[in-house]
Amino acid sequence: MHNQSPIIRRKSTRIYVGNVPIGDGAPIAVQSMTNTRTTDVEATVNQIKALERVGVDIVRVSVPTMDAAEAFKLIKQQVNVPLVADIHFDYRIALQVAEYGVDCLRINPGNIGNESRIRSVVDCARDKNIPIRIGVNGGSLEKDIQEKYGEPTPEALLESAMRHVDILDRLNFDQFKVSVKASDVFLAVQSYRLLAARIDQPLHLGITEAGGARSGSVKSAIGLGLLLSEGIGDTLRISLAADPVEEVKVGFDILKSLRIRARGINFIACPTCSRQEFDVIGTVNALEQRLEDIITPMDISIIGCVVNGPGEALVSTLGVTGGHKKSGFYEDGVRQKERFDNEQMIDQLEAKIRAKASMMDESNRIAVNLLEK
């Protein structure tokens, strides 16, 4: 039941991606990106809906062609989450998706043509209240910057970002956020630190091309964890060579671990040893799968013996401490008379968690109604 995060977040300006507030103290938004062919409307819509079910706040969709732009129009009509169109080189695509209700444009102003083309996109974004994300990547720096620095460095990524920021500044456009992603953790972290000291706009965090589900999650947790612990970051994406749904789950787990944004259950479980009185690993794995639909913030401790179990249970919403044949049960840190049969642990604990979540949700609804009165 540790609710308050000690992290003091960096002050940033406020923008909106659709109805999602970004920056200026708003909850850190979790983003993902589709990996389907955008022209395959059905597959893309299905993937976005799967992302919606696990709580994604914003979804980015690559729009490389005019055919993809036409598909984007149909996709936008069938989903509820705000969509970001990822566009490079052809400014006309940006203008087209703006007509189709895009919620944010991910462009680099410097690579979509001459100043008149940049101005036309920015003017369109301003007229339609569409924010822009400047997305700098260590693997695609401008040729002159590559030649100047020889390799991607934090200073190189900063210079690239500021080049695009300056373009928007000259056009008096301030509704934008910026990212400076790299696949190397140290490079990305230092680049974001430099950028955070230079601008007030919201920052979108990510370790790009982080790797597969396991290695990429570890890299992202380290890199983003460092930045978030320093108060840097307003949106994030976990870039994995895996199902995008996993990106969202890992993103929320990172925020949950830092007590920045709670969504769903935070399981506290021991790694097990010969003292365990029930199958801790099997119990945790089963409950994680069964309870994915629970979004109520809760700390659930599942400890196999009495060495650490009671202590963890004291600071948990619900807790189980392993005992011989039957295990002790705690609610809000208080030991209950009821004990769980170790063989029926999973079903019994699932029922208790669901009941507690419903009760907490109802209490929150009552509190909100009282405040509104």
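Backbone N, Cα and C define each Cβ position, glycine as well.
Quick look at what Swiss-Prot annotates:
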- Cys270, Cys273, Cys305, Glu312: [4Fe-4S] cluster binding site (BINDING)
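Here the binding-site residues are Cys270, Cys273, Cys305, and the one whose Cβ sees the fewest other Cβ atoms within 10 Å is Cys273. DSSP assigns Cys270 ([4Fe-4S] cluster binding site) to coil in the three-state reduction, placing it in neither a helix nor a strand. Of all Cβ atoms in the shown protein chains, 20 besides its own fall within 10 Å of the Cβ of Glu312 ([4Fe-4S] cluster binding site). Taken residue by residue with DSSP, Cys305 ([4Fe-4S] cluster binding site) is part of neither helix nor strand, so it is coil. Taken residue by residue with DSSP, Glu312 ([4Fe-4S] cluster binding site) is part of a helix.
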